[in-house]
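> What follows is a single structure, and I will ask about it in a moment.
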Amino acid sequence: MPPKDDKKKKDAGKSAKKDKDPVNKSGGKAKKKKWSKGKVRDKLNNLVLFDKATYDKLCKEVPNYKLITPAVVSERLKIRGSLARAALQELLSKGLIKLVSKHRAQVIYTRNTKGGDAPAAGEDA
């Protein structure tokens with residue numbers, strides 16, 4: 001019987017030691033990671049067709065932007081990307097903006113410079 005008592009004392013000492021330093025032990029089960037909530041984006045409520053105020057803003061402000069892309073116009077005027085592309089085509093045909101680069105996925109325009117426009121047309125002719 002005395003050996004059993006010794007084991008109990010040793011076990012009691014071990015369990016007390018385990019309770020003391022659970023953090024410093026490298027073995028054992030790690031805490032399970034909780035799933036984080038994903039970032040919630042606000043729903044964009046962009047216009048599908050122009051109203052009078054937005055169209056006037058397009059005609060007045062957009063030709064003064066240094067960098068004009070469908071993404072920039074869409075974000076600033078709160079219109080759909082397809083509407084922004086069509087609007088920029090119209091401004092280009094009116095001669096209010098100048099094409100810088102055209103690619104399948106990205107079109108870049110800039111404002112018309114007053115001095116730089118005439119010599120460029122003269123060189124082409």
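In case you wondered, yes, glycine gets a Cβ from its N, Cα and C as well.
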> Going by what Swiss-Prot says, which of K60, K102 is noted as N6-acetyllysine?
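With Swiss-Prot as the source, N6-acetyllysine is noted for K60.
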> From K94, K98, name the one Swiss-Prot lists as N6-acetyllysine.
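Annotated as N6-acetyllysine in Swiss-Prot: K94.
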> Report which of K52, K57 appears in Swiss-Prot with the annotation N6-acetyllysine.
K52
> Which of the listed positions, K66, K78, does Swiss-Prot note as N6-acetyllysine?
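My reading of Swiss-Prot gives K66.
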> Taking helix as H, G and I and strand as E and B in DSSP, count the residues of the compositional bias 'Basic residues' (28-38) in helix, strand and coil.
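Per-class counts: 0 helix, 0 strand, 11 coil.
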> Pop the Cα-Cα gap between K60 (N6-acetyllysine) and K52 (N6-acetyllysine) into the table, whole Å please.
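The separation of the Cα atoms works out to 12 Å.
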> Rounded to a whole number, how many Å is the Cα of K66 (N6-acetyllysine) away from the Cα of K43 (N6-acetyllysine)?
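One finds 28 Å between the Cα atoms of these residues.
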> Any same-chain residues 6+ apart from K43 (N6-acetyllysine) with CB under 8 Å of its CB? Would you list them in sequence order, or say none?
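Counting only residues 6 or more apart in sequence, K43 (N6-acetyllysine) has no Cβ neighbour under 8 Å.
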